[in-house]
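Visitor: Straight from TrEMBL, here's the annotation block:
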| type | residues | note |
| --- | --- | --- |
| BINDING | G33, K34, G35, G36, V37, G38, K39, S40 | ATP binding site |
| REGION | 1-20 | region 'Disordered' |
Amino acid sequence: MSENKGNMPLGADNSLTPSEDSEMSHVIAVVSGKGGVGKSTVTALLAVELAKRGYKVGILDADLTGASIPYLFGLQGLLKVTEKGLLEPMKTAQFGIKVVSIALVMENPEMAVIWRGPLLSKAIQQFWTDVDWGELDYLLVDMPPGTSDVPLTVMQMLPLDGVVVVTSPQDMARSVVKKAYHMANQLQVPVLGLVENMSYVTCPHCGERFSIFGQKPLTEAAQEFNVQVCVELPVDPQLAELTDQGNIEQITVATSSSLKELVDALETLN
Ligand SMILES: Nc1ncnc2c1ncn2[C@@H]1O[C@H](COP(=O)(O)OP(=O)(O)OP(=O)(O)O)[C@@H](O)[C@H]1O
(Lines of atoms letter the chains of each structure in order from A and count residues from 1; the text may use other names and numbers.)
(Lines give C-alpha, C1' and ligand atoms only; values in the text may rest on other atoms or scores of the structure.)
Protein backbone atom coordinates (compact mmCIF):
# COMPACT_ATOMS: atom_id res chain seq x y z
CA MET A 1 0.00 0.00 0.00
CA SER A 2 1.47 3.39 -0.91
CA GLU A 3 1.81 5.88 1.89
CA ASN A 4 -0.08 9.16 1.87
CA LYS A 5 2.42 11.98 2.18
CA GLY A 6 0.41 15.06 3.04
CA ASN A 7 -1.18 16.47 -0.09
CA MET A 8 0.64 14.18 -2.48
CA PRO A 9 -1.72 12.27 -4.77
CA LEU A 10 -2.10 8.67 -3.65
CA GLY A 11 -2.52 7.07 -7.05
CA ALA A 12 -3.33 3.42 -7.54
CA ASP A 13 -1.33 0.71 -5.84
CA ASN A 14 0.29 -1.01 -8.80
CA SER A 15 1.65 -3.85 -6.67
CA LEU A 16 -1.78 -5.47 -6.61
CA THR A 17 -2.02 -7.67 -9.69
CA PRO A 18 -5.09 -9.63 -10.69
CA SER A 19 -4.89 -13.41 -10.91
CA GLU A 20 -3.26 -15.06 -13.90
CA ASP A 21 -5.71 -15.22 -16.86
CA SER A 22 -7.68 -12.23 -15.55
CA GLU A 23 -7.70 -9.20 -17.78
CA MET A 24 -9.92 -6.21 -17.11
CA SER A 25 -9.95 -3.49 -19.76
CA HIS A 26 -11.75 -0.96 -17.58
CA VAL A 27 -12.35 -0.75 -13.85
CA ILE A 28 -14.97 1.71 -12.61
CA ALA A 29 -15.87 2.38 -8.97
CA VAL A 30 -19.44 3.31 -8.03
CA VAL A 31 -19.54 5.42 -4.86
CA SER A 32 -22.13 7.21 -2.74
CA GLY A 33 -22.07 9.61 0.18
CA LYS A 34 -24.17 7.32 2.37
CA GLY A 35 -26.00 3.99 2.28
CA GLY A 36 -29.43 3.44 0.79
CA VAL A 37 -29.30 5.95 -2.08
CA GLY A 38 -29.36 3.17 -4.68
CA LYS A 39 -25.64 2.72 -5.36
CA SER A 40 -25.93 -1.06 -5.78
CA THR A 41 -29.02 -0.69 -7.95
CA VAL A 42 -27.22 1.79 -10.21
CA THR A 43 -24.15 -0.50 -10.36
CA ALA A 44 -26.39 -3.40 -11.40
CA LEU A 45 -28.25 -1.29 -13.99
CA LEU A 46 -24.98 -0.05 -15.51
CA ALA A 47 -23.74 -3.64 -15.71
CA VAL A 48 -26.95 -4.75 -17.43
CA GLU A 49 -26.84 -1.87 -19.92
CA LEU A 50 -23.18 -2.54 -20.78
CA ALA A 51 -23.91 -6.27 -21.15
CA LYS A 52 -26.87 -5.48 -23.43
CA ARG A 53 -24.40 -3.62 -25.66
CA GLY A 54 -22.37 -6.81 -25.96
CA TYR A 55 -19.60 -6.15 -23.44
CA LYS A 56 -18.21 -8.70 -21.03
CA VAL A 57 -19.01 -7.31 -17.60
CA GLY A 58 -18.18 -8.19 -14.01
CA ILE A 59 -19.21 -6.75 -10.66
CA LEU A 60 -16.92 -6.79 -7.64
CA ASP A 61 -19.19 -6.21 -4.66
CA ALA A 62 -16.86 -4.30 -2.34
CA ASP A 63 -19.75 -3.22 -0.10
CA LEU A 64 -18.92 -6.01 2.37
CA THR A 65 -21.14 -4.85 5.20
CA GLY A 66 -24.17 -4.30 2.95
CA ALA A 67 -23.61 -6.76 0.12
CA SER A 68 -26.73 -6.58 -2.04
CA ILE A 69 -25.55 -7.26 -5.60
CA PRO A 70 -26.32 -11.05 -5.45
CA TYR A 71 -29.87 -10.32 -4.25
CA LEU A 72 -30.55 -7.89 -7.10
CA PHE A 73 -29.65 -10.65 -9.58
CA GLY A 74 -31.26 -13.50 -7.62
CA LEU A 75 -27.90 -15.21 -7.10
CA GLN A 76 -27.63 -17.74 -4.28
CA GLY A 77 -25.18 -20.33 -3.01
CA LEU A 78 -21.41 -20.16 -2.71
CA LEU A 79 -18.72 -19.56 -5.31
CA LYS A 80 -16.84 -22.56 -6.63
CA VAL A 81 -13.07 -22.83 -6.52
CA THR A 82 -11.16 -23.53 -9.74
CA GLU A 83 -8.43 -26.14 -10.14
CA LYS A 84 -5.91 -23.35 -9.69
CA GLY A 85 -7.45 -22.54 -6.32
CA LEU A 86 -9.11 -19.32 -7.48
CA LEU A 87 -12.67 -18.23 -6.81
CA GLU A 88 -14.92 -18.56 -9.83
CA PRO A 89 -17.40 -15.66 -10.17
CA MET A 90 -21.07 -16.58 -10.33
CA LYS A 91 -22.75 -15.67 -13.61
CA THR A 92 -26.12 -13.93 -13.77
CA ALA A 93 -28.92 -15.82 -15.51
CA GLN A 94 -29.65 -13.59 -18.49
CA PHE A 95 -26.49 -11.69 -19.42
CA GLY A 96 -23.80 -13.80 -17.76
CA ILE A 97 -22.48 -10.87 -15.71
CA LYS A 98 -19.74 -12.22 -13.45
CA VAL A 99 -20.39 -11.45 -9.78
CA VAL A 100 -18.17 -11.78 -6.74
CA SER A 101 -19.55 -10.82 -3.36
CA ILE A 102 -18.99 -11.66 0.30
CA ALA A 103 -22.57 -12.98 0.29
CA LEU A 104 -21.41 -15.66 -2.18
CA VAL A 105 -18.33 -16.56 -0.15
CA MET A 106 -19.49 -16.78 3.47
CA GLU A 107 -22.41 -18.80 4.83
CA ASN A 108 -22.94 -15.95 7.25
CA PRO A 109 -21.96 -12.69 5.45
CA GLU A 110 -23.36 -10.61 8.34
CA MET A 111 -20.11 -11.43 10.17
CA ALA A 112 -18.36 -8.86 7.97
CA VAL A 113 -20.26 -6.11 9.82
CA ILE A 114 -17.89 -6.50 12.78
CA TRP A 115 -14.72 -6.53 10.70
CA ARG A 116 -12.31 -3.64 11.06
CA GLY A 117 -10.89 -1.65 8.15
CA PRO A 118 -7.75 -3.77 7.48
CA LEU A 119 -9.76 -7.01 7.32
CA LEU A 120 -12.31 -5.42 4.98
CA SER A 121 -9.49 -4.18 2.75
CA LYS A 122 -7.83 -7.60 2.76
CA ALA A 123 -11.07 -9.31 1.69
CA ILE A 124 -11.54 -6.88 -1.20
CA GLN A 125 -7.90 -7.30 -2.16
CA GLN A 126 -8.56 -11.06 -2.45
CA PHE A 127 -11.57 -10.38 -4.65
CA TRP A 128 -9.05 -8.85 -7.03
CA THR A 129 -6.09 -11.21 -6.72
CA ASP A 130 -7.72 -14.58 -5.98
CA VAL A 131 -10.60 -14.58 -8.45
CA ASP A 132 -10.58 -16.02 -11.95
CA TRP A 133 -12.22 -13.03 -13.60
CA GLY A 134 -11.19 -14.07 -17.09
CA GLU A 135 -11.39 -11.39 -19.77
CA LEU A 136 -13.66 -8.48 -18.96
CA ASP A 137 -14.38 -5.28 -20.85
CA TYR A 138 -15.72 -3.66 -17.69
CA LEU A 139 -15.37 -4.47 -14.02
CA LEU A 140 -17.73 -2.36 -11.91
CA VAL A 141 -16.87 -2.05 -8.24
CA ASP A 142 -19.80 -1.47 -5.89
CA MET A 143 -18.00 0.50 -3.19
CA PRO A 144 -18.75 0.69 0.52
CA PRO A 145 -20.90 3.81 1.12
CA GLY A 146 -19.23 7.02 2.19
CA THR A 147 -16.03 8.76 1.21
CA SER A 148 -13.99 7.92 4.28
CA ASP A 149 -10.98 5.72 4.87
CA VAL A 150 -12.25 2.26 3.85
CA PRO A 151 -13.57 3.26 0.40
CA LEU A 152 -10.46 5.36 -0.19
CA THR A 153 -8.19 2.43 0.69
CA VAL A 154 -10.20 0.16 -1.58
CA MET A 155 -10.04 2.61 -4.45
CA GLN A 156 -6.34 3.06 -3.90
CA MET A 157 -5.77 -0.68 -4.37
CA LEU A 158 -7.45 -0.92 -7.75
CA PRO A 159 -6.34 0.48 -11.11
CA LEU A 160 -9.42 2.59 -11.70
CA ASP A 161 -10.43 4.33 -14.91
CA GLY A 162 -12.75 6.55 -12.94
CA VAL A 163 -15.57 6.93 -10.49
CA VAL A 164 -19.36 7.18 -10.83
CA VAL A 165 -21.08 9.04 -7.99
CA VAL A 166 -24.64 8.17 -6.94
CA THR A 167 -26.68 10.61 -4.89
CA SER A 168 -30.33 10.98 -3.97
CA PRO A 169 -32.31 14.23 -3.86
CA GLN A 170 -32.28 14.13 -0.04
CA ASP A 171 -28.51 13.83 -0.10
CA MET A 172 -26.23 16.84 0.23
CA ALA A 173 -25.33 16.38 -3.42
CA ARG A 174 -22.82 19.20 -3.61
CA SER A 175 -20.92 17.98 -0.57
CA VAL A 176 -20.97 14.34 -1.77
CA VAL A 177 -19.73 15.32 -5.23
CA LYS A 178 -17.07 17.54 -3.67
CA LYS A 179 -15.75 14.73 -1.47
CA ALA A 180 -15.85 12.21 -4.34
CA TYR A 181 -14.07 14.74 -6.55
CA HIS A 182 -11.26 15.20 -4.02
CA MET A 183 -11.03 11.46 -3.49
CA ALA A 184 -10.81 10.83 -7.23
CA ASN A 185 -8.30 13.68 -7.56
CA GLN A 186 -6.05 12.06 -4.97
CA LEU A 187 -6.18 8.88 -6.98
CA GLN A 188 -5.64 10.84 -10.19
CA VAL A 189 -8.75 9.42 -11.86
CA PRO A 190 -11.77 11.34 -13.25
CA VAL A 191 -15.30 11.44 -11.89
CA LEU A 192 -16.96 9.94 -14.97
CA GLY A 193 -20.53 10.64 -14.03
CA LEU A 194 -23.05 11.73 -11.47
CA VAL A 195 -26.36 9.88 -11.03
CA GLU A 196 -29.16 11.42 -9.02
CA ASN A 197 -31.28 8.40 -8.14
CA MET A 198 -34.97 8.62 -7.20
CA SER A 199 -34.84 12.12 -8.62
CA TYR A 200 -38.49 12.40 -9.69
CA VAL A 201 -41.68 10.44 -10.25
CA THR A 202 -43.59 10.25 -13.50
CA CYS A 203 -47.39 10.36 -13.48
CA PRO A 204 -48.54 7.00 -14.93
CA HIS A 205 -51.54 8.74 -16.55
CA CYS A 206 -50.22 11.94 -18.11
CA GLY A 207 -46.46 11.29 -18.07
CA GLU A 208 -45.76 14.56 -16.25
CA ARG A 209 -42.64 14.60 -14.07
CA PHE A 210 -42.81 15.60 -10.41
CA SER A 211 -39.66 16.42 -8.49
CA ILE A 212 -41.22 15.55 -5.14
CA PHE A 213 -38.07 16.41 -3.22
CA GLY A 214 -37.76 19.77 -4.99
CA GLN A 215 -35.37 20.81 -7.72
CA LYS A 216 -31.73 20.56 -6.68
CA PRO A 217 -28.90 22.33 -8.44
CA LEU A 218 -27.32 19.00 -9.37
CA THR A 219 -25.92 20.20 -12.68
CA GLU A 220 -24.29 23.12 -10.88
CA ALA A 221 -22.46 20.68 -8.62
CA ALA A 222 -21.47 18.67 -11.70
CA GLN A 223 -20.17 21.77 -13.46
CA GLU A 224 -18.37 23.06 -10.39
CA PHE A 225 -16.41 19.82 -10.04
CA ASN A 226 -15.98 19.16 -13.73
CA VAL A 227 -18.10 15.98 -13.81
CA GLN A 228 -18.54 14.94 -17.40
CA VAL A 229 -22.04 13.42 -17.33
CA CYS A 230 -24.98 14.01 -15.04
CA VAL A 231 -28.14 11.88 -15.24
CA GLU A 232 -31.36 11.56 -13.23
CA LEU A 233 -33.17 8.30 -12.50
CA PRO A 234 -36.87 8.28 -11.56
CA VAL A 235 -38.46 6.49 -8.65
CA ASP A 236 -39.51 3.42 -10.60
CA PRO A 237 -42.00 0.98 -9.03
CA GLN A 238 -41.07 -1.65 -11.65
CA LEU A 239 -37.41 -1.36 -10.65
CA ALA A 240 -38.26 -1.71 -6.95
CA GLU A 241 -40.32 -4.82 -7.69
CA LEU A 242 -37.68 -6.40 -9.94
CA THR A 243 -34.91 -5.79 -7.42
CA ASP A 244 -37.02 -7.32 -4.65
CA GLN A 245 -37.55 -10.40 -6.84
CA GLY A 246 -33.89 -10.65 -7.86
CA ASN A 247 -34.86 -9.97 -11.46
CA ILE A 248 -33.08 -6.70 -12.22
CA GLU A 249 -31.93 -8.06 -15.58
CA GLN A 250 -35.54 -7.87 -16.77
CA ILE A 251 -35.62 -4.08 -16.46
CA THR A 252 -37.31 -2.48 -19.45
CA VAL A 253 -36.30 0.70 -21.20
CA ALA A 254 -38.06 3.31 -19.03
CA THR A 255 -35.51 3.65 -16.25
CA SER A 256 -32.48 2.21 -17.90
CA SER A 257 -32.77 4.64 -20.83
CA SER A 258 -32.10 7.43 -18.32
CA LEU A 259 -28.62 5.96 -17.94
CA LYS A 260 -27.93 6.04 -21.69
CA GLU A 261 -25.73 9.15 -21.63
CA LEU A 262 -23.60 7.68 -18.85
CA VAL A 263 -23.29 4.28 -20.55
CA ASP A 264 -22.29 6.12 -23.76
CA ALA A 265 -19.58 7.89 -21.77
CA LEU A 266 -18.30 4.60 -20.33
CA GLU A 267 -18.22 3.22 -23.85
CA THR A 268 -15.91 6.04 -24.98
CA LEU A 269 -13.30 4.71 -22.53
CA ASN A 270 -12.73 1.95 -25.08
N1 LIG B 1 -34.87 4.40 -8.81
C2 LIG B 1 -35.42 3.57 -7.92
N3 LIG B 1 -36.76 3.36 -7.92
C4 LIG B 1 -37.32 2.53 -7.00
N5 LIG B 1 -36.64 1.89 -6.04
C6 LIG B 1 -35.31 2.04 -6.00
C7 LIG B 1 -34.63 2.89 -6.92
N8 LIG B 1 -33.31 2.86 -6.64
C9 LIG B 1 -33.16 2.03 -5.58
N10 LIG B 1 -34.36 1.55 -5.19
C11 LIG B 1 -34.59 0.65 -4.05
O12 LIG B 1 -33.97 1.23 -2.88
C13 LIG B 1 -33.38 0.22 -2.08
C14 LIG B 1 -31.93 0.55 -1.77
O15 LIG B 1 -31.18 0.45 -2.97
P16 LIG B 1 -29.67 -0.06 -2.97
O17 LIG B 1 -29.51 -1.32 -2.21
O18 LIG B 1 -29.22 -0.02 -4.39
O19 LIG B 1 -28.97 1.12 -2.17
P20 LIG B 1 -27.44 1.28 -1.75
O21 LIG B 1 -27.11 2.73 -1.87
O22 LIG B 1 -26.59 0.34 -2.50
O23 LIG B 1 -27.52 0.87 -0.26
P24 LIG B 1 -26.38 0.26 0.65
O25 LIG B 1 -25.19 1.11 0.45
O26 LIG B 1 -26.97 0.34 2.01
O27 LIG B 1 -26.17 -1.14 0.14
C28 LIG B 1 -33.57 -1.09 -2.83
O29 LIG B 1 -34.64 -1.77 -2.25
C30 LIG B 1 -33.94 -0.70 -4.24
O31 LIG B 1 -34.84 -1.59 -4.82
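Cβ atoms here come from the backbone N, Cα and C positions, even for glycine.
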Visitor: Let me make sure I understand the structure: which of the binding-site residues listed (G33, G36) has the fewest other Cβ atoms within 10 A of its Cβ?
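Guide: Among the binding-site residues G33, G36, the sparsest Cβ neighbourhood within 10 Å belongs to G36.
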Visitor: Here are some binding-site residues: K34, K39. Which one has the most Cβ atoms within 10 Å of its Cβ?
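Guide: Per the Cβ count, the most surrounded site is K39.
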Visitor: Give the subset of the binding-site residues G33, K34, G35 lying near ligand 1, defined as CB under 6 A from any of its atoms.
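Guide: Going through G33, K34, G35 in sequence order, those close to ligand 1 turn out to be G35.
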Visitor: Please identify, from the binding-site residues G35, G38, the residue with the sparsest Cβ neighbourhood, meaning fewest other Cβ atoms within 10 angstroms.
Guide: G35
Visitor: Please give me the CB contact count at 10 A for V37 (ATP binding site), counting all chains in the structure.
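Guide: Step by step: centre on the Cβ of V37 (ATP binding site), count other Cβ atoms within 10 Å, giving 23.
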Visitor: To see if you understand the setup: which same-chain residues, six or more apart in sequence, place their Cβ under 8 Å from that of S40 (ATP binding site)?
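Guide: In sequence order, the residues whose Cβ lies under 8 Å from that of S40 (ATP binding site) (at least 6 apart) are D61, D63, G66, S68, I69, L72, D142.
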